[in-house]
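According to TrEMBL, the transmembrane segment annotation covers 12-31, 43-62, 74-96, 102-125, 137-161, 167-186, 214-234, 254-277, 284-306, 312-334, 355-375, 387-407.
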């Protein structure tokens, strides 16, 4: 029984990750509709999504301190309870009739929600990686696949619950489901939870490693651009896709289904990307994934230079491409960044892995914060078809860059640097 109990502690993690993703998937398809009914413009409620990302950044800093001085499980449980509080409060905003009041409260709540969500996520990865020593790429891909499946279920279930009653119902139901596993996690005792002494010991041993050189390390910065674009694609959709879908006269369930397609493809392709990363095909995968993102914004509107009216089938196709693009960019961008700097002389230890994770998270948040309000403003001012040209152009340029890097990797090998 004791051996079985040591393994069963992962089940609440899987359950909570599923519904955590479901809760986070509710905001993009359904909050813009509520905000529009309160006479808020797209660029205004786009700040909610940007503020959420700022909260994620704050939470990553707090969770590191909690992990160092308490434990990863403390950060995880704090994030879990905090997310429940945020979700119930956010659903209750339905009864606020004044637009500016709704905007102010939603932005304020986004700071809190993003912070606790980040604490949950960072602590989750800390607990899993301290217990399981599996291939890193497949581990990341598996968690991302579970995230995609949860997002798919959350978007569809949320639409059905809104059709059943009103906007608050899915937030109340899923927020409660997230909290159900709390008593189980409170009693579980993951092995090797206290990793702070190890981190401090490694930090003392590696004081001579000059990590600041990564600030002008072009291969590393290239991978950071790649992961930034992954969240840029997601953040462009948040304030723009739901208003664009209004012309098709879809109900809430159908709107959720459109977002679900992206989540399904993200989940499935994340596993493929993880397998490719395991066999070190990151460069090729990044090139193909970025190209798919470029194609997504070519057909989503479609682009104004294509003489075709908006078509729901093309929107679905674009969501397929977007899901595949985001997973490939994130999983392989992360793994290539980590492997490449270790190959070029940086130590293969927790400190290096932590630095790469922090850099990836920081760059993704910066890209997301910048993209959401800009996308909302461009879509409202110039229309979705013209606004999508921005992402098309950026992704087209980066497809050319990553294609060149992939071809160049066949001809040259990185030299080991001296630290």
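Just so it is clear, glycine is given a Cβ too, placed from its N, Cα and C backbone atoms.
By the Cβ criterion (distance under 8 Å, sequence gap of 6 or more), the transmembrane segment (74-96) is not counted as touching the transmembrane segment (284-306), fewer than 3 such pairs being found. Across 12-31, 43-62, 102-125, 214-234, 387-407, stretch 12-31 shows the highest tally of CB pairs under 8 A with the transmembrane segment (167-186).
Below 8 A, the CB atoms of the transmembrane segment (387-407) and the transmembrane segment (284-306) form 3+ pairs separated by six or more positions in the chain. Of the candidate ranges 12-31, 102-125, 137-161, 312-334, 312-334 has the most C-beta pairs within less than 8 angstroms of the transmembrane segment (214-234). Touching of the transmembrane segment (43-62) and the transmembrane segment (355-375) is concluded from the presence of at least three CB pairs under 8 A, sequence neighbours closer than 6 excluded. For the transmembrane segment (137-161), same-chain residues at least 6 beyond its ends with a Cβ under 8 Å from one of its own Cβ atoms are 14, 17-26, 29-30, 124-125, 128-129, 169-170, 173-174, 251-257, 259-260, 263-268, 270-271, 273-275, 277-278, 323, 327, 330-332, 334-335.
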